[in-house]
Amino acid sequence: MIVPLQGAQMLQMLEKSLKKYLPESLKVYGTIYHVNHGNPFNLKALVDKWPDFNTVVVRPQEQEMKDDLDFYTNTYQIYSKDPENCQEFLGSSEVINWKQHLQIQSSQSHLNKAIQNLASIHSLQVKHSENILYVVSETVRKLFPSLLDTKNLSPGSGKPKAINQEMFKLSSLDVTHAALVNKFWLFGGNERSQRFIERCIKNFPSSCVLGPEGTPASWTLMDQTGEMRMGGTVPQYRAQGLVSFVIYSQDQIMKKRGFPVYSHTDKSNTVMQKMSYSLQHLPMPCAWNQWICVPM
């Protein structure tokens with residue numbers, strides 16, 4: 001059975017229900033939070049049954065997914081209470097269009113078996129990335145306090161070192177900055193990723209510091225799942241604490257708006273891991289997962 005959740009009441013019930021399964025449901029919880037606050041990416045939620053669902057998929061409306069090669073748009077967020085038995089639901093073409101280049105995101109590594117099986121059935125090549133999922137300590141305290149182990153918090157205030165404010169000015173990104181963000185984004189560097197970045201800048205809060213030239217020296221922004229992503233610093237201004245300052249500023253903006261604040265970091269990126277620790281971002285017991293699926 002496929003049940004589309006329509007109307008504010010059902011979607012608010014889903015958000016409340018997903019809260020019980022944090023942090024494993026975080027990727028879907030963050031997305032539904034944004035669907036319930038304006039839904040600028042025109043997403044929809046599908047469940048296998050209601051109200052006692054096992055699996056939920058959040059995805060764009062069909063009319064948004066016109067480009068079969070655009071996995072930045074063709075993105076699905078998945079949470080399942082029963083990852084071993086969700087394959088049939090995920091295999092439905094009404095739930096996931098397996099004919100396109102697509103991307104699946106989830107805080108559940110256990111979905112890998114079902115996704116790999118379905119990709120094999122539909123002749124898709126899969127690249128699975130598993131990264132460290134970080135959540136800001138205040139979000140942990142508010143949403144799932146049982147995981148707040150103060151032993152894991154860095155000593156100190158969690159604030160970054162001051163920057164040279166005569167040289168650098170705190171600001172937000174403009175759509176004209178998308179090309180710069182795209183150039184330094186590990187998952188980007190192409191026309192489709194630039195369109196995605198432009199859409200994020202237009203619709204969600206972002207933070208940057210402008211260098212003496214008046215262009216961004218360091219930045220971070222938010223995507224449609226409510227995650228802080230695409231942080232970067234131009235090479236000549238690295239190792240000056242700018243990205244810590246920018247991420248902390250973005251933290252504050254998101255907290256004021258009531259958003260859950262989270263991000264991910266590659267397991268090999270020790271510099272960002274140290275920075276996350278200093279800002280009191282806590283690593284979660286579950287991972288940040290991405291599956292990029294491309295037809296063979």
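All positions are counted from 1 along the displayed chain.
The backbone N, Cα and C atoms fix where each Cβ goes, glycine too.
Listed features, source Swiss-Prot:
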type: MOD_RES; residues: K16; note: N6-acetyllysine
type: MOD_RES; residues: K16; note: N6-succinyllysine
type: MOD_RES; residues: K113; note: N6-acetyllysine
type: MOD_RES; residues: K127; note: N6-succinyllysine
type: MOD_RES; residues: K127; note: N6-acetyllysine
type: MOD_RES; residues: K142; note: N6-acetyllysine
type: MOD_RES; residues: K159; note: N6-acetyllysine
type: MOD_RES; residues: K169; note: N6-succinyllysine
type: MOD_RES; residues: K183; note: N6-acetyllysine
type: MOD_RES; residues: K183; note: N6-succinyllysine
type: MOD_RES; residues: K256; note: N6-acetyllysine
type: MOD_RES; residues: K267; note: N6-succinyllysine
So which modified residues are near K113 (N6-acetyllysine), with CA atoms within 10 Å, out of K127, K142, K159, K169, K183, K267?
-> none
For K159 (N6-acetyllysine) and K127 (N6-succinyllysine), determine the Cα separation and express it in whole Å.
-> 36
Within 10 Å of each Cβ, count the other Cβ atoms, then let me know which of the modified residues K142, K159, K183, K256, K267 comes out lowest.
-> K256
Distance between K142 (N6-acetyllysine) and K183 (N6-acetyllysine) at the Cα atoms, whole Å?
-> 36
If we check Cα distances from K256 (N6-acetyllysine), which of the modified residues K127, K169, K183, K267 wins as closest?
-> K169
Distance [Cα-Cα, Å, rounded] between K183 (N6-acetyllysine) and K127 (N6-succinyllysine) | 22
